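Data first, discussion second: the structure below is written as structure tokens.
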Amino acid sequence: MKKIDVKILDPRIGQEYPLPAYATTGSAGLDLRACLDAPLVLAPGQTELLPTGLAVHIADEGLAAMVLPRSGLGHKHGVVLGNLVGLIDSDYQGQLMVSVWNRGQQAFTIEPGERIAQMVIVPVVQAEFNIVEDFTATERGTGGFGHSGRQ
């Protein structure tokens, strides 16, 4: 298992709130919590940037982190990530912040310590552009946006 440096910026983490951990041996994501001082009412259509109380330094250029929504918040309450997916580069060392957006019709209260997103560590391949005049023909060609059908 890879090791990633993490700084605890909020003393409640590891005390009142558990450290992020994988729930099962098959879990891909680590839950991130809202390190708030008081409950936050998120009105319909409102976005807020929430602190997680953690800073990470992945360091390995072959890795990055993705911050993804928790399925229950979006499906049951309409609360999703404001930027849909967050990308944490390997050389970033600041606090992890989570943008949340209430796309639902009702106000939603986020409690201090509530799990608001999940972080997944993913491999990264950097590519270099090779400028060409034409591509080698493929079966698909330039077909996109529904080109392959629905069924």
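Residue positions begin at 1 at the first shown residue.
Using N, Cα and C of the backbone, Cβ positions are placed for all residues, glycine too.
Per Swiss-Prot, the features are:
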BINDING   Arg70, Ser71, Gly72, Asn83, Leu87, Ile88, Asp89, Met97  substrate binding site
For Gly72 (substrate binding site), the three-state class that DSSP assigns: helix
Greatest inter-residue Cα distance in Å for the substrate-binding set Arg70, Ser71, Gly72, Asn83, Leu87, Ile88, Asp89, Met97: 26
All-chain count of other Cβ atoms within 10 Å of Leu87 (substrate binding site): 12
Local backbone state of Asn83 (substrate binding site), from DSSP in three classes: coil
Same chain, 6+ residues apart, C-beta under 8 Å of the C-beta of Arg70 (substrate binding site), given in sequence order: Asp31, Arg115, Ile116, Ala117, Gln118
DSSP state at Met97 (substrate binding site), helix/strand/coil: strand
Fewest Cβ neighbours within 10 Å, where candidates are the binding-site residues Ile88, Met97: Met97
For Asp89 (substrate binding site), the three-state class that DSSP assigns: coil
